[in-house]
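Single-structure report; data block below.
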Amino acid sequence: MGTASNLKRAAVSLLVPLPSILFYLYFINHYKTSTVDGTTLSPFWSWCVDHPLLLVNALFFFNVNVLFWIISQIQKSHWMIDLYWTVIPMMFVYYYATYPLARYNLWRSRIVIASAWVWSLRLTHNYFRREKWQWGVREDWRFTDMRGQYGKHWWWISFFSVYASQQMFLVGICLPFYIVHSVDKPLDVWDFVAVAVCLCGIVIAYFADTQLHEFVTRNEKLKELGKPMVPNLDRGLWGYSRHPNYFGEQLWWWGLVIIAWNLGHGWAFAGAFVNSMCLAYVTVLVEQRMLKQEYRAEAYRLYQKTTSVWIPWFRSSAFARKKDT
């Protein structure tokens, strides 16, 4: 990919959220002005004030589902939604924190926002490291597979399978951000337990992704030299879990659920639950893909028999017997 094309994609990705940002800033300014002047809000603006969850869904629909989809048709790639998984949750947390009717414990809000920044920076760093510090090099391989599967119908199916589905996932898993900024309750021990779970998840995901990156980089060099590639990563955290990066990511989201539950809104677990079920399905797809690669199929089958799927645990004795032979 050339420098000009890379810069073009960078510019598009930085500008694309502006419609929602500008609309929200105008809305907040309009609300503050009406409050100072004592004027009555129009029915539309009153609806916006009274329905934060509906408004965020409307903004997501038009700015992400529609605009991202249109751009993807022009670029013939759905790469941008992958990058924005690291950005949209940050936009959500600030949206809920600055909403006109928001009420919350200031320190809980600060802790959650700070933790969210750590999570987002970690995931953004991993995205660009994986893509060799370029914008839009490729789309997610699952989208590429579906493009081949649906053929000429992919252009409209992608609206639902890539974008509308992301709305359910992202709005759902970010519900704890809404709860944090809807309940003003003093901090207690459960907040610190939840933050500890969140930070453990971030640390695990960081080291797991770093180990994976180093493994992929070594194999790329071996391939360039014409040498046999190492079939499987089974060292470090990957020696205790086949998907420690997924496990770490789930800890982050379920840590936020603990905060929501402690604030009396356990129903907010729904988003994290759906996301976990989706990731379980993705795990199956990833492992099927690994087994289709001839040079690593046998080693990966043994890996499946001896190593936990998500939750880190000690390898089974079958691995020890294999090593001895």
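Placement of Cβ uses the backbone N, Cα and C atoms for every residue, glycine included.
From a predicted model like this one, the values you see are computed outputs, not experimental measurements.
Summarising the annotation, TrEMBL assigns transmembrane segment to 12-31, 51-71, 83-102, 154-177, 189-208, 251-284.
Most Cβ pairs within less than 8 Å of the transmembrane segment (51-71), among stretches 12-31, 83-102, 154-177, 189-208, 251-284, belong to 154-177. Counting same-chain residues at least six beyond the ends of the transmembrane segment (251-284), those with a Cβ under 8 angstroms from any Cβ of the stretch are 108, 112, 119, 142, 168-169, 171-180, 182-183, 185, 188, 190-191, 193-202, 204-205, 243, 309-310.
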